[in-house]
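Copied from TrEMBL, the annotated features are:
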- 1-259: domain 'Heme-copper oxidase subunit III family profile' (DOMAIN)
- 12-31: transmembrane segment (TRANSMEM)
- 43-62: transmembrane segment (TRANSMEM)
- 83-104: transmembrane segment (TRANSMEM)
- 124-145: transmembrane segment (TRANSMEM)
- 157-176: transmembrane segment (TRANSMEM)
- 237-257: transmembrane segment (TRANSMEM)
Amino acid sequence: MKKLVFNYNSPWSPMLCLSVLSCIATITMTMKMTYWSPEKFSWTHLILNIIIMVMIMMLWFRDCFRETISGVINDDKSCNIKLGMIFFLLSEAFFFFSFFWMFTSSVLAPDLSFWPPSNLKMPSFIGAPSLNTILLVTSSATVTLSHFEKNEQHSLSWLWLMFTLVLSFLFLMVQYMEYSSLPFNFTSGLGGSIFYLATGFHGIHVILGSMLLTGSLVMLLNQLYTNQSLLSYELGIWYWHFVDAIWLMLYTIFYCWGH
């Protein structure tokens, strides 16, 4: 047991778990109330839960960046944190898998014997979804170039990372414009609920990934990273690649196959 390295006890992980649980419970109760009384539908409680969750994550990221700067993270702790990140990404993958399962189940075995329902017209993959795919794939390339430049000790690492953040902002803008033009909403049956939940949660993950990369950009601009202290930077890149992979699956299943 003495050979095991334990990190200090952080209050943010259990608080984040409770916040996520509250967020899921809020979504469930909102959907239940919407089913019986559509006129009472409101995003207020869900938005409040998301704000609390984002604040907790910002405080957790702050501590992670401080640890990176102080150099208290040795190789053993770094391995533990990377392993924890891998398990976190796996849990996130299963989270999105539940949406894919619900959607494919609705398509292959619909209750009304046909898909899509008459009140639901799934958006085509041509247009905004394809543009968003190009934006995210390009952002994945730019963040990889940023990492490469940092490993090579060049001075353009921050520039590629800034390009990545610009692309993420454009992605969110295009996603918002797509939401504004859709002929259905969150209450338009099972298909509409699944579509907005899956793409909406992906958008939240894009925002969180952008926050991580923004923190890394600030540290790059202030030259706070060294070749031995790139942990938060690398984990942010891992997370961004995961977000890109999830979008490719959303694009394939919801937009291409579902349409």
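Placed from the backbone N, Cα and C atoms, the Cβ positions cover glycine too.
Predicted automatically and left uncurated, TrEMBL annotations should be read as such.
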>> Same chain only, please: residues at least 6 beyond the ends of the transmembrane segment (237-257) with a C-beta under 8 Å from a C-beta of the stretch. Say none if there are none.
In response: 85, 89, 92-93, 96, 100, 103-104, 107, 122-125, 129-130, 132-133, 136-137, 139-140, 143-144, 146-147, 164, 195, 198-199, 202, 205-206, 208-209, 212-213
>> For the domain 'Heme-copper oxidase subunit III family profile' (1-259), what's the mean pLDDT in this predicted model?
In response: 78
